[in-house]
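Student: Below you'll find the structure I mean.
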Amino acid sequence: MGTERAKERAARFAASLVEDGMIVGLGSGSTAELAVRALGERLHDGLRLIGVATSQRTAALARRVGIELRDPDSVDRIDLAIDGADEVEERSLGLLKGRGGALVREKLVARMARRLVIIIDDSKLVAALGARFPLPVEVVPFGWRWCARWLEDLGGRPTLRCRPTGHPFRSDNGNLILDVAFGAIADPAWLDRTIKMLPGVIDHGLFLDMADLVIVGSETGIRLLERSRTVSETSKS
């Protein structure tokens, strides 16, 4: 219950940052979905916005709450993107994302956005990325076992993501996901560049130098971590 309330606090604060007429990137995952619902509530108060969804699941939810959607190729900007994260390294605001399988579209929308706002509960703060979760890597199906071997050569332990049925998980782009356990990543920037150079890799879940604001929800309030490294606190519920 405490974690859900923390997420709700962060999501509602993020939704309050959206101004009338904005084009908003809508992230994927349980925390981002709370922000989508909060934006839907604001529509009843007269807020006008256009959403760009990062997954089919998010798009379906946005439509249900009344948010008008556009394709990323039909907009000339994204004013603000709101998304969650699996891990946030507090000093650099580096992110590890992709457990929901939408990392490629999330990264594209995050890069398009003039401002990227990340919402998490305080359990997602880590001293080093990769300390708690494996790094998702999206690869083309053709030759994926070779991609796994090359990731092993980099010190990772890749596992093909599968559904409960045992069938391989497919991203909305039709690709496979390798969850690669590296442990605490000593040099995220090097790993970022190196994995992207592997043939067959579409992208991975390291989002470095992208977050402008991280909203950290807790049982007592929220904490704001900004790119400038300044930190403020509020007990807004």
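Each Cβ is built from the backbone N, Cα and C atoms, and glycine gets one as well.
Grabbed the feature section from Swiss-Prot, which reads as follows:
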type	residues	note
ACT_SITE	Glu106	active site, proton acceptor
BINDING	Ser28, Gly29, Ser30, Thr31, Asp83, Gly84, Ala85, Asp86, Lys97, Gly98, Arg99, Gly100, Lys124	substrate binding site
Student: Taking DSSP three-state, what's Asp83 (substrate binding site) in: helix, strand or coil?
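Tutor: The three-state answer is strand.
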Student: Would you mind reading off the Cα separation of Lys124 (substrate binding site) from the residue listed as 'active site, proton acceptor', to the nearest angstrom?
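Tutor: Given the Cα positions, Lys124 (substrate binding site) is 18 Å from the residue listed as 'active site, proton acceptor'.
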Student: Could you state, as a whole number of Å, the largest distance between Cα atoms of any two of Ser28, Gly29, Ser30, Thr31, Asp83, Gly84, Ala85, Asp86, Lys97, Gly98, Arg99, Gly100, Lys124, the listed substrate binders?
Tutor: 16
Student: Whole-number Å only: compute the distance from the Cα of Ser28 (substrate binding site) to the Cα of Glu106 (active site, proton acceptor).
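Tutor: Cα-Cα, rounded: 7 Å.
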Student: Tell me, how many other CB atoms lie within 10 A of the CB of Arg99 (substrate binding site), whichever protein chain they belong to?
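Tutor: Neighbour count, Cβ to Cβ under the 10 Å cut-off: 20.
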Student: About how far apart, in whole Å, are the alpha carbons (Cα) of Asp83 (substrate binding site) and the residue listed as 'active site, proton acceptor'?
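Tutor: So the alpha carbons of Asp83 (substrate binding site) and the residue listed as 'active site, proton acceptor' sit roughly 8 Å from each other.
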Student: Which one is it: of the binding-site residues Ser28, Ser30, which Cβ has the fewest other Cβ atoms within 10 Å in this structure?
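Tutor: Relative to the other binding-site residues in Ser28, Ser30, Ser30 has the fewest Cβ atoms within 10 Å.
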Student: Identify which of the binding-site residues Lys97, Lys124 has its Cβ surrounded by the largest number of other Cβ atoms within 10 Å, counting every protein chain shown.
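Tutor: Output for this query is Lys97.
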